[in-house]
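Engineer: Annotation comment: Swiss-Prot describes 64-93 as repeat 'ANK 1'. The repeat 'ANK 2' feature in Swiss-Prot is assigned to 97-126. For 130-159, the entry in Swiss-Prot reads repeat 'ANK 3'. The repeat 'ANK 4' annotation in Swiss-Prot covers 162-191. Here Swiss-Prot flags 195-224 as repeat 'ANK 5'. Swiss-Prot lists 227-256 with the feature repeat 'ANK 6'. Per Swiss-Prot, repeat 'ANK 7' is recorded for 260-289. Summarising the annotation, Swiss-Prot assigns domain 'SOCS box' to 273-323.
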Amino acid sequence: MEDAPAFYGFKNIFLTMFATFFFFKLLIKVFLALLTHFYIVKGNRKEAARIAEEIYGGLSDCWADRSPLHEAAAQGRLLALKTLIAQGINVNLVTINRVSSLHEACLGGHVACAKALLENGAHVNAQTVHGATPLFNACCSGSAACVNVLLEFGAKAQLEIYLASPIHEAVKRGHRECMEILLTKDVNIEQEVPQLGTPLYVACTYQRVDCVKKLLELGASVDHGQWLDTPLHAAVRQSSVEVINLLTVYGANLNLRNAQGKSALDLAVPKSSVRQALLLHEGPPALSQLCRLCVRKCLGRTCHHAIYALGLPESLEKFLLYQ
């Protein structure tokens, strides 16, 4: 029993040391976080990244380096954003992943914030470490207003083939209006991106019927997909009868084979509605259909405009335009 006081004394000393160590470690983390923020505000991104690496162990999406301007842009707080800009904060501050405040504003669809940033010198074509631009983010959110503002300030509508493609993102999300705006800026409707294919192929993969229809109307190649895989292959995999019917009406070739040597019909489940839809179009097309396809092919991508200049009867115009 005489050893009991000594035991409790050692226990209290141990607990005190443990609590002191824990508090000291917490204090260091708080200090480093404040130091990180200081370096971000001063614009020393390299040092901020090094400190964040020590604190967070190299997490790929660290939110600790988001400036107040990032927060204001992401939440659409225009007054706060303008106040920060007036105080002299750099509008082109980026996070460790190269995300700018303009990226945040466009991802949130906050067009007023995006415009304010652009008017104060924000880089319109800034890229994140993943190659995403503010225009890509605007297409992701489906903000046609942001897309228009970015294009007015010189945003590149079409980037290099290996960067994140705005039109593919718009189609993937089903944002037809954003897609149409980009196409008016001479974006290549046949642009094939590795792992994604053409915009039409993406639309078929994600069953974006409105986008499929509009792309076909605007002259997208009905058989150009992802390498040897056609849009029809993608539609069959998704069991989308509506998309299959659209593609076949626009002249999709049922006999084309992919890298595995399979046609769209080979991929269809036996006795399914998809297979029945394909079989309905397996025979030779009508002469009127062949003529329509031939005329549209000769006129090219601008056929939807050129047809009106031919001086044809209204009924024939509507037939050629699939109306």
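Placement of Cβ uses the backbone N, Cα and C atoms for every residue, glycine included.
I would like each feature placed in context: is it buried or exposed, what are its neighbours, and how far apart are things?
Structural biologist: The repeat 'ANK 2' (97-126): residue composition by secondary structure is 16 helix, 1 strand, 13 coil, according to DSSP.
In terms of DSSP helix, strand and coil, the repeat 'ANK 3' (130-159) has 17 helix, 0 strand, 13 coil.
Residues in the repeat 'ANK 4' (162-191) partition by DSSP class (helix H, G, I; strand E, B; coil) as 16 helix, 0 strand, 14 coil.
Within the model, the repeat 'ANK 5' (195-224) shows a mean pLDDT value of 94, rounded to a whole number.
Residues 192, 197-198, 200-201, 203-205, 207, 209, 212-213, 216, 262-265, 267-269, 272-274, 277-278, 281-282, 285, 289, 293, 322 of the same chain lie 6+ residues outside the repeat 'ANK 6' (227-256) yet bring a C-beta within less than 8 angstroms of a C-beta in it.
The repeat 'ANK 7' (260-289): residue composition by secondary structure is 15 helix, 0 strand, 15 coil, according to DSSP.
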Engineer: Give the nonlocal contacts of the repeat 'ANK 4' (162-191) in its own chain as ranges (CB under 8 Å, at least six residues past its ends).
Structural biologist: 127, 130-133, 135-136, 138-140, 142-144, 147-148, 151, 198-200, 202-203, 206, 208, 210-211, 214-215, 218-221, 224, 301
